[in-house]
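Quick notes on the structure that follows.
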Amino acid sequence: MELHGYRLCRWRLVLVGLGVLCTGGFLLLLLYWMPEWCVKSTCTRTAARDAEVVLLQSTDEFRRWFLAKVRVMLAPGRNPFHSLETQTTSAPSSPTCPVSSDSSHPLANGYTPQPSNGSPDQELVKRYGDYQPSQIRYFTFHSTKYYWNDEKQNFEVLNGLEDLQLSCSKLHTEHSKGLSRNQQEYRRLFFGMNEIAVKVPSVFKLLIKEVLNPFYIFQLFSVILWCTDEYYYYAIAIVFMSVISIATSLYTIKKQYVMLHDMVAAHSIVRVSVCRANNVIDEVLSTDLVPGDVMVIPSNGTIMPCDAVLISGTCIVNESMLTGESVPVTKTNLPNPLPGDRGNSDCAYNTEEHKRHTLFCGTNIIQTRFYTSELVKALVVRTGFSTAKGQLVRSILYPKPTDFKLYRDAYLFLLCLVGVAGIGFIYSIILSIIKEVSAGTIVIESLDIITITVPPALPAAMTAGIVYAQRRLKQIGIFCISPQRINICGQINLVCFDKTGTLTEDGLDLWGVQRVENGSFLPSEETAYKESLVKSQFVGCMATCHSLTKIEGQLSGDPLDLKMFEATGWFLEEATEEETSLHNRIMPTVVRPPKQLLPQDAPLTAEDNMELYELSSAYEIGIVRQFPFSSALQRMSVVARLLGEKRMDAYMKGAPEVVASLCKHNTVPANFGDILEGYTKEGFRVIALAHRRLESKLSWHKVQNISRDHIEKNMEFLGLIIMQNKLKTETPGVLRDLHQAHIRTVMVTGDNMLTAISVARDCGMISPQDKVIIAEAFPPHDGQSARINWRYADKPSKATRLEEINISLEDVCHVDEPKTRELFHFAMNGKSFAVIAEHFPDMLQKLVLHGTVFARMAPDQKTQLIETLQGVDYYVGMCGDGANDCGALKRAHGGISLSELEASVASPFTSRTPNISCVPSLIREGRAALITSFCVFKFMALYSIIQYISVTLLYSILSNLGDFQFLFIDLAIILLIVFTMSLNPAWKELVSRRPPSDHCLLELPNYDIHLGQRAVLVRSLDSTVRCLQQIKENHLDNLATRIGLLSYLH
């Protein structure tokens, strides 16, 4: 945003007030529509530090203007993160913060601090009454407060502790004890209440905002003019249609606000326990939390009211609100490097870099784990609209406008009609003066020319096709809360899809396994649930190498881990709730096979048969240490120990190429690459397993401190697990229809990269013969500049140079042209997307032209991707089902939600059919509505010109159409045709030809048609007038002859 400072100017205010009076309020309306004119006409330019009003201009392609009033907040200090004792208590001497020495000044007799929400706090008055106040200048824009920074000489946002760039060790040593009540209340002055307040405007405010639309103002002007001319019938019809339109719009907008308010308000206010600086646990409302508070996470879970970093304990969290994946994630405490180990590991805390240690607002804490008697504590880092949930809500409340060329061209065309009306206006005035017509008649007839040339019924006529399309969409289960988006959907040439729950069913299914023995692959098997394999290392790896946990007696975790473990038929046992209070790192999770799979030494008794599925005490494996999955390393591993064995075992699973590279060469089959390529080409997700017997010298305590590099080496390759992410039945067919219609498809998901690429191949988004190149970007580090590594998805170990890719990023196909061959697809994750957007912005636009898979994308990154695609002239549709898709659904030209919950609040369209078959239906109806609107606009424009010329010619002979003639033309002919020509349904198939798009109303062929029609019209009218004049002259000549003859006879 570009910021310009202004101060109010009294004499300019007086001149503007006089102008408003002289124009009958029209100038006030103009200043309301143009905020930059309002500020520049009533204020004078000044420095930002002295500004009373700031004028903001967006830096995007829309260059929108906003104004905000600068306010002054009184506070006992200037920095919320400093203690009051370290800050100056004298009044600032800068001219922006004057303090009067007069005893009559309100500050002279004591300080009355005011929190940032504007309401005085009596406790603060008493507590800080001795401090000399500081005046803090700020303004609020889009629910975010910008404070003046004297050092940077600019307004800036206070986000939270992240602004301090504190290292992990400092967060532990300096901020882990919590805040005192005084510090908490002082910080609340700056950060405000911890709430995401979505205010529902009153019906009156919404009505005023809607009625002040320029079209409705013009309709009001037309109605008043027609009533003055006693043309009541058409005026009543226009008023009726306008009232219906306004009422429908108000209902829709009000409903959206209420739904969003209810969604945000749910679980937003809870009671939380916070740790004070004196080791006292205090209960407060979540709205009182500020950055720096240390909150205690309850053992039975909660909904996080803020963004916080774990400083002790472990939490199991459901982050579906952010990622769309209903998979519990384990969050561990932020590492606290020892003084001797501090270095590269003691980096500055960042929510993105340390997201595995961060609890985000709105996520569901399912369960907590703690060691000995230590509480699970989290340090609050962000509150309110600065949180992850707050940013998501802001993207819904304040979306960027949708740029649609039809509407833009329509306004330009209307300006042309206004110019034509101006010519007729001047002509009618001059002609009426020559004919000595009365002044009142001149005014009414001249203004009537404008209402004829720019028809007030145009908005209603343009809406007809949209209304019929909306009705047809409702019949097939698609509901619309933003009808104007239907037209835009007709231009969609790219659709982004979420993966889980949209393209696929939830989770993965086990297709089969292929074990390795003596360095060779055995034939593939459908299952590992066999008695012969129960004690094998392959099944042992499947049973132990995972991150599963039990929540309320049910196994929960990553779907891949869950399916893999369920395929073994084993049982998992964790510590009970009583044992949890004494839980420590060396207390293992135990897995056991069902007794029926174990070799039996003696016949089973009847009692044993009754307990067929009891866990066997003869064979069990304890998981001693877990190294969690890392997307960077593409693997995870565990250290386990078989009951009764002295030596421990290491099990590893991960990407096949990565696992094979860490195994002994003689254990990896020679045809490993061919087998793997065969599976990946068929769209399977392949996981490799490996095992290693550890040295006997490794004790339990040593394992807890050993690094994973010492464990994950010299492994023995065990084989492959083949997983299949089942697509929804309708997915391949719908994507095929979209491709045949030359509509590009893109996957944007919060899931991991390999799964996303596998699904993209399986559903036909990526053809089997096409190559996928993963772009992996790294930010600047240790003096090195940002860089991008390129590698093939099917060959992760092989790096690729960009110059070697047989594709020209400079010579890309136009978005409207079908791509005859698509040999390469780019894929990247959210972290790489952010780095490329920041350090390689020119490269990003080129990459998205051939980017097909975007994985691990955060909600704001999904929105940014939509904007980037729109920036390269795509009309983008978005289909998703989760709250994490809200921003993208709102920003896309056509967003359709498959969920009736959170996503439907932001999405213009909601489908009751839980699959993507609704997407082609929406595009077809959009095309039908767009063509209808295009034709209606041309028809109305031609009708207005015809009537304009007709009335102008009638004015020339001091005549005009009668009221019922106008009524017959406007209602019986025009509106009847307009409302019936829109009834044609959409074509039943989605074809490749799209409706005209860029400058469709201003294209030369359309002008030629209009000009040709008007030339014929003018020539016909001119001929008619000449004939009438000739008839009149002949009639007068005959009359004169007859009079002369009669005179002669007499």
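Backbone N, Cα and C atoms are what each Cβ position is placed from, and that goes for glycine too.
Residues or ranges marked as compositional bias 'Low complexity' by TrEMBL: 92-104.
Summarising the annotation, TrEMBL assigns compositional bias 'Polar residues' to 111-120.
Mean model confidence of the domain 'Cation-transporting P-type ATPase N-terminal' (160-231) amounts to 86 (pLDDT, 0 to 100 scale). According to TrEMBL, the domain 'Cation-transporting P-type ATPase N-terminal' annotation covers 160-231.
As annotated by TrEMBL, region 'Disordered' applies to 83-124.
Distant neighbours of the transmembrane segment (12-34): 41-44, 65, 212, 214, 217; these residues of the same chain sit at least 6 beyond its ends, with a Cβ under 8 Å from one of its Cβ atoms. Per TrEMBL, the feature transmembrane segment maps to 12-34 (among others).
Sequence annotations record features per position, and here TrEMBL assigns transmembrane segment to 231-253 (among others).
According to TrEMBL, the feature transmembrane segment maps to 410-434 (among others).
Beyond the ends of the transmembrane segment (449-469), by six or more residues, the same chain brings 215, 218-219, 221-223, 225-226, 238, 241-242, 245, 410, 414, 417-418, 420-421, 424-425, 428, 483-484, 486-487, 925-926, 928-933, 936-937, 940, 943-945, 947-948, 951-952, 970, 974-975, 978-979, 982-983, 986 to within a C-beta distance below 8 angstroms of the stretch. What TrEMBL lists as transmembrane segment is 449-469 (among others).
The transmembrane segment annotation in TrEMBL covers 930-958 (among others).
According to TrEMBL, the feature transmembrane segment maps to 964-984 (among others).
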So what's near the transmembrane segment (410-434) in sequence-distant terms, Cβ-Cβ under 8 Å and 6+ beyond its ends? 441-442, 445-447, 449-450, 452-454, 458, 462, 937, 941, 944-945, 948, 952, 955-956, 1001-1002
Looking only at residues six or more beyond either end of the transmembrane segment (231-253), which have a C-beta under 8 A from one in the stretch? 203, 206-207, 210-211, 216, 219, 222-223, 456-457, 459-460, 463, 481-482, 963, 966-967, 970-971, 975
Under DSSP, the domain 'Cation-transporting P-type ATPase N-terminal' (160-231) has how many residues in helix, strand and coil? 47 helix, 2 strand, 23 coil
